[in-house]
Structures are given as C-alpha cells and as structure tokens.
Amino acid sequence: MQKLRITAVNVCRFVLAATFIFSGYVKAIDPLGTLYKLKDYAAAMSLNGLLPDWMLVGVAIALGALEFALGVFMLFAVRRHVVSRITLAFMAAMTVLTLWIFVADPVKDCGCFGDALKLTNGETLLKNIVLAACAALVAWRPVDMARFISRSNQWIVRYYTVAYIVITSVYCLYTLPIFDFRPYHVGMNIKQGMEIPEGAEQPEFESTFLLRKNGETREFTLDNYPDSTWEYVDTRTVQTKKGYEPPIHDFALTSCDTGEDITEQVLTKKGYTFLLVSPRLAVADDSNFGDIDQIYEYAEENGADFYCVTASANDEIERWRDLTGAEYQFCNADETTLKTMIRSNPGLMLLKDGTIIDKWSHNALPQTDDLTAPLQQLTIGKAQNDSTTERLLIVLLTFFLPLSALTLADRLWAWSKWIRNKQSNNRIFNLFKTEKKMRKKIVAGNWKMNMNLQDGVALAKEINEALVADKPNCEVIICTPFIHLASVAGVLDSTVVGLGAENCADKAKGAYTGEVSAEMVKSTGAQYVILGHSERRQYYGETAEILKEKVDLALANGLKILFCCGETLEEREAEKQNEVVKAELEGSVFHLDAEAWKNIVIAYEPIWAIGTGKTATSDQAEEMLAYIRSTVAEKYGAEAAEETSILYGGSCKASNAPELFSKPNIDGGLIGGASLKCADFKGIIDAWKK
Ligand code: 13P
C-alpha cells in the first residue's frame with residue numbers, strides 16, 4: 001500500500017513536471033504571445049487597459065518563468081512542501097478559470113501551451129482537472145517525492161532555473177521566439193498554407209429566413225420556404241459544421257495607395273519580397289528606422305519588393321512616414337494576422353517565391369555589412385534548413401545537461417560523504433570503545449502525566465532510598481510533572497538522584513495562563529528539563545522554533561536539557577530517519593555555541609518505539625546514535641561529540657537495557673513506563689553494573 005502510494009505520488013509529480021516545463025517554456029519563449037493572450041482574458045473580463053503593456057509583458061515573463069520553475073523544481077523535488085503547495089494553488093486557480101471559459105466561452109483557446117498545442121476549452125478543463133488531482137496527491141505527500149539532489153545543493157537548481165528561464169524569455173522578447181509554432185514560421189509557403197486540400201471536409205451552414213405576412217412574422221428554412229405572398233424580413237446563418245481550416249486562413253493584403261487586393265501579386269512574385277510587419281505603427285518601436293531604410297534601399301537596388309504591412313489607418317502611416325522618412329509602399333492587413341506573423345513591432349520578414357525564408361526582430365535586423373551582394377548570393381537570401389533539432393539540442397545542452405551533471409556530481413559527493421562518515425564513525429567507535437567512560441552514563445525517568453502528588457513523592461522517596469543504599473554507577477535523573485517538583489526535590493539526595501521537569505514555557509514570564517517558566521522550574525531545585533519530546537511536538541504543536549526558544553530560556557536559567565529527537569514509523573519506512581533527526585537538532589539546538597552545548601544531553605526516541613513495547617533493536621539504536629554523534633562531530637568537532645551523552649528511549653526495560661547499554665554509542669536511557677515502579681527503574685539502572 002505504501003509502495004503504491006509512493007509510486008502514485010512520483011508518477012503524478014513527473015506528469016506535473018513535464019506539463020509545467022513544457023507550458024512554462026513555450027510561454028517564456030514567446031512573451032508577446034503570452035501578452036496577447038493575457039489581453040484576450042482581460043478583454044473577456046472587461047479589465048482591458050487596467051495595466052499598461054510594459055507591465056503586462058512583465059506579467060507574461062513572470063507567468064512563463066513561474067510555470068517552468070515549478071516544473072523543474074517538481075522534477076528535482078526541490079523545496080517539496082512549498083513547491084507542491086504552490087502548484088496545487090496554481091492548478092486550483094487554473095481549473096476555476098478554465099471552468100469559466102468552458103461554460104461562458106469568452107476565449108476560444110486557453111493559451112495554456114502558447115501556440116505549440118491548441119486545445120478546445122473542454123479538453124483544457126479535463127486536462128486541468130487531471131492535473132489538479134495530481135497536484136493534490138503530491139501536496140498531500142510531498143516527502144514521497146524522491147530527491148535527485150541533496151538539500152544543501154538545491155539552491156543551484158533554484159537559481160540556475162530562474163536565471164535561465166528569465167534570460168531566455170528576455171532574449172526572445174528582444175529578438176524572436178527561439179521556436180516558432182505559428183503557421184508563419186520560416187520555411188512556410190504562405191500560398192500553400194492557405195490551400196484547402198481536395199476532398200477536405202467543407203464547413204456547413206444553415207440559414208433560416210424571417211418572413212412576414214398579414215402582420216405575422218415566421219421563421220422558414222430552405223425546405224419549407226413559402227410562396228411570394230410572404231414578405232422577406234431577415235436571414236440568420238449559423239455554422240453547423242466546422243470543416244477543414246487551412247493553417248493560414250487570414251492572409252490578405254490591400255494596397256494603401258490604390259485600395260487593391262495585392263495578396264496574389266505578393267505571394268506569386270518570383271524573387272524576393274521584404275515585409276516590414278507592424279500591427280500598429282502608433283506603438284511600433286522607431287529606434288531602428290535607419291536600419292530599415294537602408295534595407296529598403298538595398299531592396300530597391302537589388303530588385304526585391306519592400307512593403308510595410310500594417311493594420312494602422314492613414315494618419316498613423318503618415319506619422320510614421322514623417323518620423324522615419326519611409327519611402328516604401330504601405331499595405332493593410334488584419335491586426336491579429338500581423339501579430340501572428342511576427343512577434344516584434346515592427347518585425348521584418350523575407351519571402352522568396354512566396355515562402356518565408358527569414359524573420360528578424362527590429363532589434364536584430366540585418367546590417368549593411370551583411371548586405372554586400374545581391375540576396376541570392378547571401379546566406380540570408382537562401383532558404384534555410386529546418387534548425388529545430390539544432391535548437392532543441394542547444395536547450396538540452398544549456399539547461400538539462402548542466403543540471404544532469406550537477407545531479408551526478410551531487411550523488412557522487414553524497415556517496416563519498418557517506419563513505420567518509422562511515423570511516424570517521426568507525427574511528428569514533430574505536431575511540432569510544434576504549435574511552436566510553438569519559439562520557440556521563442545516564443538513566444533518566446520520564447513520568448509523563450502519571451502519579452498524583454502523594455504517590456509521586458512516595459515513589460521518589462523509594463527510588464532515593466534504594467539508590468542511596470545501593471549506589472548507582474551512572475547518573476540517575478527523575479523527571480516529574482511540575483506539581484511534584486518542589487516536593488520531590490525535598491526528598492531526594494541530589495548527589496545521588498537528579499531532578500528534572502518534563503517541559504517549560506517558551507516565554508520568560510508574564511500573562512501566559514497555565515504555563516511554567518524555566519526560571520520557576522529552576523527555583524524548585526530541579527537541574528534538568530526534558531525538551532522536544534515527540535508527545536509535545538505531536539499533541540501540543542511544539543515546532544522547532546518554539547523549542548529553540550525553550551532551549552535558550554532553559555539554558556539561560558541554568559537548567560541542563562534532555563533534548564529528544566526521533567522519527568515516525570512512516571519516516572523510518574521511507575528511510576528518512578537520519579534526515580528527520582538531523583533536522584530536529586539543526587532546528588532547535590545546533591544554534592548553540594560550544595560552551596552552551598556542554599549542557600545538552602540528547603535522547604533519541606523513535607516515535608514508533610515509545611510506549612508500544614516495540615523496542616528498536618540494539619543495532620538499530622546503535623546505528624542511529626552513531627549517526628547522531630557524527631552529526632554532533634560535524635557541528636562541534638569530534639572532541640565535543642565524544643563528550644556528549646546520547647541516550648536511547650522507547651520501550652526500554654530491565655530485560656533489554658543490558659544489551660542496549662553494551663553498545664559503544666549508547667550512553668543510557670530515557671525511560672517512560674518502566675520508570676514508574678522503583679524495582680523496574682532500578683533494574684534498568686543496574687544494567688550499567690553488568
Ligand atoms: P516508554 O519507555 O514508555 O516507551 O517511553 C519512552 C519515553 O517516551 C521516554 O521519554
């Protein structure tokens with residue numbers, strides 16, 4: 001069942017990753033296309049003009065970059081919690097949006113995949129429902145996503161991805177989209193693109209006629225059209241079948257000088273034609289008009305035609321002529337067609353025999369140095385080979401290859417670190433095997449919420465007496481509920497039995513009803529406090545940050561700390577115990593300096609072993625404690641690690657204590673249930689004598 005869940009989460013994660021990388025990339029390489037789509041949506045919501053175009057371009061770049069980055073982060077399982085939640089929120093919002101476009105039909109194409117893949121509104125809705133379900137599953141269990149790169153190196157993926165996609169997007173905005181998915185791509189013969197193949201499905205229309213007679217108006221079809229005594233009023237025609245739509249169906253040029261349709265003339269011209277495309281001259285960038293004029297002169301000299309194609313009216317054309325000294329011919333075409341033809345305003349297109357052989361943004365026009373001979377002799381005048389594969393390769397080499405290399409290096413690094421740790425642990429083991437006595441051996445009882453005051457004091461007395469009579473060869477501590485502390489302190493011989501609380505507040509003092517401060521604990525005579533117990537984390541929501549406050553306050557008040565850490569059964573089954581324990585230490589105690597660290601005792605208590613009767617095997621416990629010690633060594637050095645007492649807790653009894661305590665890294669136990677009876681507790685303490 002668990003395996004199935006993990007597989008499902010990872011399948012969903014890869015589906016989301018692939019979709020987001022694709023949809024983000026195609027948006028990012030075509031920021032103007034995304035901007036046009038955003039404007040379609042804004043118009044449908046009557047929000048047109050809310051933001052200026054330059055801001056919308058920023059939104060378009062950010063949207064593409066966000067989707068792409070979410071996809072890559074999902075793929076590499078970077079920041080799993082945050083990324084999966086943002087993805088879910090994103091998918092939820094998109095599903096609502098597409099439900100709206102499905103029902104109200106305000107835009108024809110959702111624009112999810114730019115021009116690369118067009119879906120109907122129904123298909124989009126279905127796709128988003130599936131993706132939202134995937135996102136929900138991943139957000140439910142983000143830690144099931146297997147990591148390819150260790151956490152410490154993930155920042156490289158994060159920064160590289162964001163920088164890569166933003167730079168790509170800005171580059172494409174400055175020049176032209178790296179991949180052109182529109183029908184007017186290089187290599188397309190416009191005339192052929194407009195042809196309807198023989199036998200293709202024809203669109204079908206149905207007309208109804210409104211006719212009137214004697215004041216009565218009725219609807220008729222061709223089948224029941226009445227006699228001439230009826231007077232015609234109106235015709236309504238609806239398309240009943242879509243039919244075949246050629247890739248180019250909206251290309252028509254009208255000369256601004258003569259008003260003639262020159263489409264055929266341009267498309268059948270033998271030789272070269274430059275089309276300077278500007279959907280709107282009023283907002284066209286005029287900074288490169290010098291280059292444009294020179295290309296026009298070059299065209300004139302070399303027998304090539306040159307037209308400026310625009311949707312602008314005459315006054316705008318005149319303004320442009322005045323501004324740039326343009327002498328070329330102008331013709332009109334549909335604005336949307338022009339926006340589709342080239343993502344630059346203005347942009348330049350070169351046709352040879354009606355086929356598009358090159359396209360340039362106004363920022364990257366051919367320079368006079370490039371135009372030194374007739375076009376047929378220049379590279380730009382030759383039909384280019386399809387370079388899609390080449391460009392795909394560049395993307396793979398510049399993005400995925402470095403990240404794959406990083407993944408490989410990271411895995412090698414993690415593997416070598418593991419080997420080094422193992423070796424250093426072995427060195428530490430050997431050291432501890434001989435010098436274990438250097439560290440304090442401790443048996444601590446945690447009474448939890450048991451014993452009323454009278455019973456508690458009686459038990460403390462009994463333990464005290466037993467240990468005074470038969471001195472332990474380890475340190476013994478009993479940790480009791482707050483209300484026992486002062487009374488129990490009164491009956492203990494503090495040279496034989498130490499006293500601790502089970503908790504303290506994360507605030508120093510003040511209006512915190514029901515809380516007990518570290519200072520109050522200290523004032524009872526207690527020397528210790530347990531912090532970070534899994535029951536407090538689990539039932540009382542104690543987070544790493546809260547525990548950090550408690551740790552600082554306890555130390556500030558002169559208390560020593562028994563700091564607990566440990567993983568759940570699920571985390572162990574997912575082999576995450578090291579990660580979990582390290583994070584708990586890093587989150588709450590590793591901020592301490594070396595001096596303060598001397599007051600910390602660590603208790604490793606696997607949650608699955610607490611109060612369950614299911615003890616970790618002595619080897620499992622030893623392995624974890626050795627790992628914890630190596631983590632302490634990494635942080636505070638081998639000497640400090642050697643002096644840190646690390647206890648095991650979880651169903652520890654007199655029967656299994658000798659075996660556990662015989663392990664080189666186990667310095668004692670934190671005992672729950674078995675500390676509530678003097679004989680049981682003493683049995684564990686005596687394990688140190690065996
Ligand atoms: P048990 O010994 O009852 O399993 O409890 C362990 C514990 O939680 C000590 O803090």
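The backbone N, Cα and C atoms fix where each Cβ goes, and this holds for glycine too.
Among Gly490, Gly611, Gly637, the residue that TrEMBL places alongside Asn446, Trp447, Lys448, Ser651, Gly672, Gly673 at the substrate binding site is Gly611. Closeness to ligand 1 is met by Gly611, Ser651, Gly672, Gly673, these being the binding-site residues among Trp447, Gly611, Ser651, Gly672, Gly673 whose Cβ falls under 6 Å from the molecule. Non-local neighbourhood of Trp447 (substrate binding site): Gly456, Ile478, Cys479, Thr480, Pro481, His484, Glu502, Ser675, Leu676, each in the same chain, at least six residues away, with C-beta under 8 Å from its C-beta. Most other Cβ atoms within 10 A: among the binding-site residues Asn446, Ser651, that distinction falls to Asn446. Most Cβ pairs under 8 Å with the transmembrane segment (85-104) belong to 54-78, among the candidate stretches 7-26, 54-78, 155-176. Counting other Cβ atoms within 10 Å of each Cβ, the lowest count among the binding-site residues Gly611, Gly672, Gly673 belongs to Gly611. For the recorded site, Trp447 (substrate binding site), the DSSP three-state label reads coil.
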